[in-house]
Structure formats: C-alpha cells, structure tokens
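Taking it in order: structure first as structure tokens, then the write-up.
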Amino acid sequence: MRTPANYLVINLAVADFIIMMEAPMFIYNSIHQGPALGSIGCTVYALMGALGGTVAIATLTVISIDRYNVVVYPLNPNRSTTKLKCYILIAFTWAYGLLFSSFPALEIGLSRYSAEGYLTACSFDYLDRTYKARVFMFVYFVFAWLLPFLIISYCYARILIAVINANAIQSSKSKNKTEVKLAGVVVGIIGLWFAAWTPYAVVAMMGVFGYEQYLTPMNSMIPAVFAKIAATIDPYFYAMNHPRYRQMLERMFCNRGADQGNSQYQTSHYTRGASRAGDSDGGGGEESGGGVGRVPGGGGNAASMRAGSTGRGGRLITAKGMAGINAGSGNAGGGGVKALKKQLSNGDETSLEVSLEM
C-alpha cells in the first residue's frame, strides 16, 4: 500500500480530516445560536476550513495529473511519480494551501475571516467591498476552483480516451465493461468535485461582483454544507474503491483473509523501463532478478507470472519462456511442463504472484 500514489491519497485524507475538525465548533455554535467562541474561535474555524479545503483541492488536482501520466505516458520515465517527487508534490499542496489561507487570518487587507450563513460557521469575507479584498477573492477563485477544475477534467477525459483506444483490440464484451466502469468513475470524480466546490465559488463571486442582496443566510449556508459533504465522500472514491485497501481493512478489523498473506493476487501497472529478453537458448525460458519479459511484437507488453519463495529471490517465467516450455514439451514428451510444475512446487505457493504487465 505504501506507493507514491497512495501517499497522495493519505495527504487527501489528512486535509479532509482537518475540514471535519470544524464539526465540534459548528455544533457548539449551533447550540448557542451564534459565534459563541468569539472572533478568535471564528478565525480558527475558518482557517481550518480554508487550509483543509485548499490542500484537498490541490491534492485532487495532483492525483489527477499523476493518474494521467501513468495511463497516457506509461513508458516515459520523466513522468513517473517517484517517492521524492511525491514528497515534493505533497509539500507543494500544503504551501499552496497556507498561501491562500494565511492572508485572511493575518488581516493585512487581503480579505479576512468572518461569520457566514446563520453565524454558526466562518469563512472568507466575500462581502468585503474593498478593492484588495475583491481582487484576492477573484484570484482565489481562479487558482482554487477554475484552474483545478480544468486540469482535473482534462486529465480524466484523456484517461478515458486512452483506455477506449487501448480497448479497441479487446473483445466487445470486455471493452464495453471496462469503458462503462471507467466512465462512471470519471463522471463520479468530476461530478463530486464540481458539486462540492461550485456552490461556494458561485456565492463568493456573487459577493465580489456586488450581488450580495441575493445572499440570504440559507443561500450562503448551503455551499458550506456541500463542501463538508465532499470531505466525507472523498474516502469512498479514493480509498474504498481500492481492492487492496478493502482487503487490508478486512484483515485488520474483520480478521478475514489473514491466512492469505502474499497469496495469489492480480494487479496491473505500466512498465517504465526497457524489458528484458529471455534466455537466448530458450532452455526453460527463465530470468532471475525480477526482470520483465517482453512478448515479441507486443511493444514491450507482457503477461508474466512471478513465482518466488520466502527468503529467496523470485523467478520470472515470461511468456517467451512459457512458449519455450511448451515447445520443449512437444519435443521431449512434456519434460518442460514437468520441470515447470516441479519449479512451482518447490516454491512457497502462498507467495505466488500473478501480474499482468500492460
């Protein structure tokens, strides 16, 4: 689970958790029917919402870019997300959030934090009519809503197009199933982001451009609720949809699948380096050291099966090696197949990993 992509998901979870930390303060204010914690409490409340919300938006944008690079440019090493790049991107999201959330808290003329809605929540004072405050809110609208929305929409649209083009060689049933599922995920991700943050953006722009007469307490409270809902739905889109994550939750809390360990599982990923060729003599068709087999004429794509035992290096049986084994079985009365079965039986069957190199 500790992959660079999952570190980004963890960063999103932290940002959403900061947003949800506003809940106790909101309930307390609601009981007292107003900002019971005073101006300092209002500033803290708004600062948590602004920081968590902006970091979440930036993280969702970075996740879309990462997935775009993996799917659309799988063989370009410059676009791969290493742990170092991941750490830099996470630091960037927090610097991005602190940049926009700290100015109103400092009250240096670039907007401020004030109560909104039924005075039980606090956020940017988008009703401030000063020139600097209006400019700040418009810049924040561009960099925290418009630009991320365009990037997210573009990346996931390109991902969908790339998968549709790749599925042209598959059967119609498999193709339709994959495309429909991915299209649903793409529409869900973009739709969730749009529904969560667009109401807030609309309300803020109405205040900036002088339409505050339409902003009733109810109209300004609904966007705040939608933004909080996004923080509660994100885990289901970005974590609960992950099959490995669900498996680990079952092992931790339901004591299910504990006996599986590193047993047979299937995963798909894109190779980023040059694939290694099999043994030139075709004898057994094996490579050691975890190399990736290459199917002739497959453009570097391979279906491989890695068998390894606990405490020693794994062995990769490539498609080319399998072809050599099959050929050997035809010439030597199945000796190659017997050798393969013996090799697998000598290994730890619980550590058999079946992977699909795309």
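Backbone N, Cα and C define each Cβ position, glycine as well.
The feature compositional bias 'Gly residues' is assigned by TrEMBL to 280-301. Annotation comment: TrEMBL describes 1-238 as domain 'G-protein coupled receptors family 1 profile'. Annotation source TrEMBL lists region 'Disordered' at 264-315. Annotation comment: TrEMBL describes 7-31, 43-65, 86-106, 135-161, 182-209, 221-239 as transmembrane segment.
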If you count Cβ pairs under 8 Å, which stretch among 43-65, 135-161, 182-209, 221-239 touches the transmembrane segment (86-106) the most?
43-65
Ranked by Cβ pairs within a distance under 8 Å of the transmembrane segment (221-239), the first of 43-65, 135-161, 182-209 is 182-209
